[in-house]
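To start, the structure under review is shown below, and the notes come after it.
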Number of protein chains: 2
Amino acid sequence: MTTLRELGERNVIDEIVKTVGTRVFKGEVLSYPDDAKDLLPKAPRIIVNIDGYGIEKLRLPWRDSSDIGWCAITGSVSDILVKGGVPDAVLIALGLPPDYPVQELKMLAEGLRDAVNYYGVRLLGGDTNSSSEPWIAVATIGFTPAKKPPSRKGLRKDDYIVVTGVYGAMGFAAIKGLEEAQRRKWVVEKTKRPVANKELGVVISSNYRWITASMDVSDGLGYTLLTLSSESNARILLHQPPLYEPSLMDECQGDMECIVKIAMSGGEEYGAVIGVRPEGLSNVLRDLEYYQIPYRLVGRVVEGEPGVFYEDKPLTFASWDQFKGWSNGV
Amino acid sequence: MTTLRELGERNVIDEIVKTVGTRVFKGEVLSYPDDAKDLLPKAPRIIVNIDGYGIEKLRLPWRDSSDIGWCAITGSVSDILVKGGVPDAVLIALGLPPDYPVQELKMLAEGLRDAVNYYGVRLLGGDTNSSSEPWIAVATIGFTPAKKPPSRKGLRKDDYIVVTGVYGAMGFAAIKGLEEAQRRKWVVEKTKRPVANKELGVVISSNYRWITASMDVSDGLGYTLLTLSSESNARILLHQPPLYEPSLMDECQGDMECIVKIAMSGGEEYGAVIGVRPEGLSNVLRDLEYYQIPYRLVGRVVEGEPGVFYEDKPLTFASWDQFKGWSNGV
């Protein structure tokens, strides 16, 4: 088995670039292996993000190294999309052990390639390091024509709360455990390679006038709603669950409380929670439908202290903290 | 001793942002803790880089956690400067163990703050993860007015080779070992917080017409010269050593071969190697002097196969590979 020790540092990122490919757009000068890359703005406003991952932490039992490559790109790209950006390029930093098999590196690179192709971004370059625990960090650069990309802080009374995406698979794994989850085909299929909706950026940027706040669901829907509520200092009242996996109905034997709790837990769904002014709601929903982005209108912002309520009860969900582990949130 | 487990994931990046501070420029909308940040272009061309580090690998015996924060920013900013960019902002991804002391996190943040202030960049945000081996990745976004930022590939026959920076301290540690190095005040002082020259970006961007290639010295001067030579398919003939630490003269008892070998080895000096067309040399040197950037004209590009020669001998130096360790390169 060939390992990175034999391959050598400079060949690791080479191997990735060879698999993923790079693209230099007209007017750009620098290219891999230059240590920095130039790019020309494609819209008046740049949007950037960085996300890091412990590679083994992304490794659900049913995810191979290519899925992990996919997930790492998806997580960072999703943050750009939800702010109304069109992602343009990614940079990757990697930490891998010297005895890491080259075969696994190749698979990781294939997953990065699949994601880069799917999201229509390009790899600009990267950096490799030796690390006993493997890790990956992805920085994404995107552009938006929106004059005012939505922050987490903008929810106002009477806003409608729209949730895109379909929930429950990762929440099932979080609450029932990986062993149980592994036996559910629907959980495995849905969580192997989560997908962020590519057109969401266009919908958000073209409706920025009416979108008061937005945040992607990377750490669970319940956590996302609660964060938007506290950052915006606004109370969210939910009157409907988000779209959820049909199998959840059986798993919960039709108990709506069970369904909502599972749908609100989990993470890496990469849907979005969006606050919309009443006067813009029909435009936003029309655009979501045009791009066939699954969504549901789940609630509204109401008078009162920050907090998230489902009908008359405070929302409960399981939330993951990298340092503290799983906990049952408020 | 408080650890990150008690602090919790969301508070880790909070702690850093609190220490380092963030700045939102006029016209920008998003701010920490939004998962993405917007920025407006400050010059026609964007320049980006990512660099990652194993935190313990940056930890020379005489570097504390604040020095490591400094070094991580310096490494990424240096890549922007050497391409003629003015660094504007950084994004940080961190992996730290749950039992990492909060005290060390605070020191790391102080070093990040010192570097951010020194280089005049701002922290846009970041992401934290749990990792048994601590790591940090820094992505820098900069801008340049240069129509053609210099790549690694542009050296041409008759170019002058200019090396900025003063060499020998890290090479001494590489060749003589850390124990020996630790007893030399000049080595400790020079390598504790290496500094990239802030004005280098201005010199390079305003002379881009005559600068055919450039690369920063992050992996040792010998390696940098050799890489420029092979990427440019050009032979470099050196006739002078770069500027070197005066103490090296004593250490080598005046033996020039010893001095050159140590100066060519090492890494993290963050000087630059620049190829300059003869017709632009006086402009480049005048600007380097104006900004008081230490430099020496070390050689020229000559006819012949790629390779780096010091007078009539091929260059020798020690080079570090993350996966293979130290080796005596050609």
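The backbone N, Cα and C atoms fix where each Cβ goes, and this holds for glycine too.
What TrEMBL annotates here:
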BINDING   B:Asp35, B:Asp79  Mg(2+) 4 binding site
BINDING   B:Asp35, B:Asp79, B:Asp216  Mg(2+) 3 binding site
BINDING   B:Asp51, B:Asp127  Mg(2+) 1 binding site
BINDING   B:Asp51, B:Asp79  Mg(2+) 2 binding site
BINDING   B:Gly126, B:Asp127, B:Arg152, B:Ser218  ATP binding site
BINDING   B:Asp219  Mg(2+) 5 binding site
BINDING   B:Glu268, B:Trp326  substrate binding site
DOMAIN    B:43-143  domain 'PurM-like N-terminal'
Return the single residue from the binding-site residues list (B:Asp51, B:Asp216, B:Glu268) that has the minimum number of other CB atoms within 10 Å.
-> B:Glu268
Among the binding-site residues (B:Asp51, B:Gly126, B:Asp127, B:Glu268, B:Trp326), which are close to chain A, meaning C-beta separation under 8 angstroms?
-> B:Asp51, B:Gly126, B:Asp127
One of the binding-site residues B:Asp51, B:Asp219, B:Trp326 has its Cα closest to the Cα of B:Gly126 (ATP binding site), namely B:Asp51
Name the residues of the same chain, 6+ apart in sequence, whose Cβ is under 8 Å from the Cβ of B:Asp79 (Mg(2+) 4 binding site)?
-> B:Asn49, B:Asp51, B:Thr140, B:Asp216, B:Ser218
Any idea which of the binding-site residues B:Asp35, B:Asp127, B:Asp219 has the thinnest Cβ neighbourhood at 10 Å?
-> B:Asp219
Reported as an integer number of Å, what is the Cα distance between B:Asp127 (Mg(2+) 1 binding site) and B:Glu268 (substrate binding site)?
-> 25
Could you tell me the C-alpha distance between B:Asp35 (Mg(2+) 4 binding site) and B:Glu268 (substrate binding site) in angstrom, no decimals?
-> 31
Of B:Arg152, B:Trp326, which of the binding-site residues has the most Cβ neighbours inside 10 Å?
-> B:Arg152
Residue, out of the binding-site residues B:Gly126, B:Ser218, whose Cβ gathers the largest set of other Cβ atoms within 10 Å = B:Gly126
Cα-Cα separation of B:Trp326 (substrate binding site) and the residue listed as 'Mg(2+) 5 binding site', in Å?
-> 11
List the Cα distance (Å, whole number) between B:Arg152 (ATP binding site) and the residue listed as 'Mg(2+) 5 binding site'.
-> 14
